[in-house]
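This report refers to the structure that appears directly beneath it.
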Amino acid sequence: MSLEGQENQSDTSHNKSPLLSDPWKPCRQHRAVVKELLLKLRCCLGTVCGIEWYGYAALGILTAILSFLMDLSVAKLLRAHQWLYTMLEGNVLLQFLCWTLYPACICAIASSFSHNICPFSTGSGIPEVRTMLAGFEMPHYLSLTNLFSKFLGLICTLAAGSTVFLGKVGPFVHLSTMVGGYLSNLCTLIQRDKKEKAAGQMLVVSAGVGVASCFGAPIGGVLFSVEVMSSHFALRHYCPCFFSAACGALTFRLLAVWGGDGETLQALFRTNFPDALPFYPLEILLFAFLGLLCGAVSCCYLFCHRWILRFTKTNPVFAKMLTTEKALYSGMVVFFLASLTFPHFAGHYMASKYTMKELLTSFLDSRQWTSQSHNTSEQLQPLLEWSSSGTSVYFSLVFFLLMKMWMLVLACTLPLPAGYFMPVFIYGAAIGRLIGEGAAYLSSTGVTPGQQWASVNPGGYALAGAAAFSGAVTHTLSPVLVAIELTGQFTHAVPILLATLLANALSRSGQRPSFYDALSISKRLPHLPSLKKASPQLPSTPVGQVAVKSVLLQKAAGPVEAEQAVRTSTEMQIPVVDSYGERTNLLECLNHLPHSSSLSTSSLCCCSHKKNAHSILSLLGSQTLFVADEGKLVGLITWPEKEDTAEPNQT
């Protein structure tokens with residue numbers, strides 16, 4: 001026994017040796033050298049700036065690389081589809097099958113792929129990102145599986161082209177957030193004392209980088225994330241957001257230059273608007289009318305979008321297909337949409353052969369289509385596509401607007417990764433192009449009073465319409481900067497801003513939710529809308545009228561009273577107070593009792609009206625607010641109860 005004890009003691013001392021603690025790991029000395037070099041590198045990098053700033057730069061660069069690879073893959077798939085369609089010239093039946101089955105099959109694959117690998121990858125992703133930024137933990141939406149399935153599914157969706165008429169902004173914001181989540185974990189390994197700060201700030205920065213990497217628009221991307229993602233934006237996030245967005249936009253444009261798309265850094269959609277006289281002073285009235293028109297059309301679009309969301313959830317056939325037969329539903333809907341856009345059918349009047357990028361480029365053309373239609377000496381490619389059979393340009397534009405309205409609403413129900421910002425941006429450009437062509441026609445015929453307008457630019461109206469309609473749909477003003485950065489046209493900044501302001505005013509007048517608010521409500525995600533949208537009388541409502549009476553527990557209470565409080569309370573948190581009538585101290589939680597979860601300290605609300613409680617919940621990301629009256633606890637307000645007071649008025 002003594003020999004065994006000595007052997008055990010020697011084995012124990014042998015195992016405790018720092019040099020031989022793990023004898024089975026190979027290359028211990030080399031790993032120690034590498035670790036030492038990494039530590040020195042961290043110290044050197046830390047002397048220049050904080051480690052998190054390298055994470056922000058890496059976030060922008062990685063997101064831009066993903067965006068470039070996605071665009072490159074989609075362009076090759078679209079060219080393959082166009083090549084196959086052209087090779088079948090002369091056989092209408094085979095061309096019809098090629099035009100319809102290709103997008104139908106590829107969208108069915110995207111839907112099936114997303115549903116089987118990661119069901120969380122469908123949809124836009126912006127409502128989920130908003131929920132995470134509000135303080136809710138949703139780890140499944142930041143998983144590597146979700147990143148993989150959303151990336152491939154979005155490539156398939158975009159490869160369907162203008163037939164489906166969907167974009168990539170929303171899903172790419174989600175992809176950027178996933179990349180930011182992994183980079184934040186890396187930063188927390190390096191900075192152990194700044195875990196919470198690094199993780200939360202990296203997610204906020206990721207939202208702006210996604211838009212900047214899609215369009216090469218860093219300023220508009222950051223402001224879009226500020227307006228859409230959260231109701232309160234901390235000033236300390238501005239510098240990291242702009243820095244990371246600038247890195248992403250610069251990398252995205254450099255990759256495009258190295259890929260052969262241009263000789264230097266330039267706007268994504270190059271335009272040739274005149275600089276000497278961009279617009280006449282009286283044209284401001286037309287831009288104002290365009291803004292009001294875009295606001296009215298956006299109200300109709302948002303109403304149809306909310307209706308289709310309710311219909312797909314209440315109709316048993318659609319609800320069952322969207323639950324169990326997602327691939328079949330996607331294939332059927334896309335086949336139907338592709339049949340309507342077939343170039344030998346209704347697509348003949350909608351320029352259906354154009355891709356999404358080509359559609360926007362044609363709308364932004366500064367030349368007047370109506371004046372060129374009588375000039376046979378000059379071949380104008382957009383005019384040839386929009387009036388190929390001798391039909392009027394106005395008829396084609398009106399037909400495009402009427403058809404794409406309900407087709408886009410129907411496409412929003414597809415259970416696959418898809419973005420909804422770029423479609424409404426292009427739709428607004430079509431509205432502006434119609435108004436611009438009308439103004440150009442009136443100027444060319446001399447109908448305008450006084451001096452004839454010789455150089456009306458329809459492309460300027462298209463740019464203003466794109467910003468106004470997309471801003472009205474999302475209830476934001478950042479599309480103004482996105483439009484300017486996309487084209488580099490600062491000459492139309494004032495009319496674009498005027499049109500967007502008027503469109504927003506008309507769209508918000510009904511106190512209805514925006515596009516992304518409607519998605520959050522439909523998905524039942526935790527969401528705090530504006531109190532004025534929810535109910536005009538709520539901001540002045542005393543907090544005590546909506547606070548729920550909670551069970552209290554004194555500090556001097558014994559185990560029996562504590563167990564009884566846990567059993568009788570329906571809340572996840574129980575406040576611990578000094579006494580029932582004196583000032584409360586909400587610093588303890590019940591985590592040692594059976595049938596109870598870990599309870600953390602929440603915010604104490606000393607406000608008098610519900611508007612203040614709304615601000616605290618939005619700013620701090622707290623899940624519960626305890627309401628006190630002169631130091632005496634009177635109740636609590638939770639996030640779901642806050643939503644219940646708002647949702648009934650937003651449907």
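The backbone N, Cα and C atoms fix where each Cβ goes, glycine too.
TrEMBL assigns the feature transmembrane segment to residues 203-226, out of the candidate ranges 203-226, 467-490, 491-514. Looking at the stretches 92-113, 400-421, the one that TrEMBL records under the feature transmembrane segment is 92-113. Using a Cβ-Cβ cut-off under 8 Å and counting only residues 6 or more beyond its ends in the same chain, the transmembrane segment (238-259) has close neighbours at 52-53, 56-57, 59-61, 63-65, 67-68, 72, 201, 204-206, 208-209, 211-213, 216-219, 221-222, 225, 265-266. Simply put, out of 53-72, 147-165, 203-226, 279-304, 327-346, 327-346 has the most Cβ pairs sitting under 8 Å from the transmembrane segment (92-113).
It is 203-226 that, among the stretches 147-165, 203-226, 327-346, forms the most Cβ pairs under 8 Å with the transmembrane segment (53-72). Two recorded stretches are said to be in contact when at least 3 C-beta pairs lie under 8 angstroms, sequence spacing 6 or more; the transmembrane segment (147-165) and the transmembrane segment (279-304) fall short of this definition. Listed as Cβ neighbours of the transmembrane segment (279-304) (distance under 8 Å, sequence separation of 6 or more from its ends, same chain) are residues 405-406, 408-409, 424, 428, 431-432, 435, 439, 453, 456-457, 460-461, 464-465, 468-469, 472-473, 491-492, 494-496, 498-507, 510, 512-515, 518.
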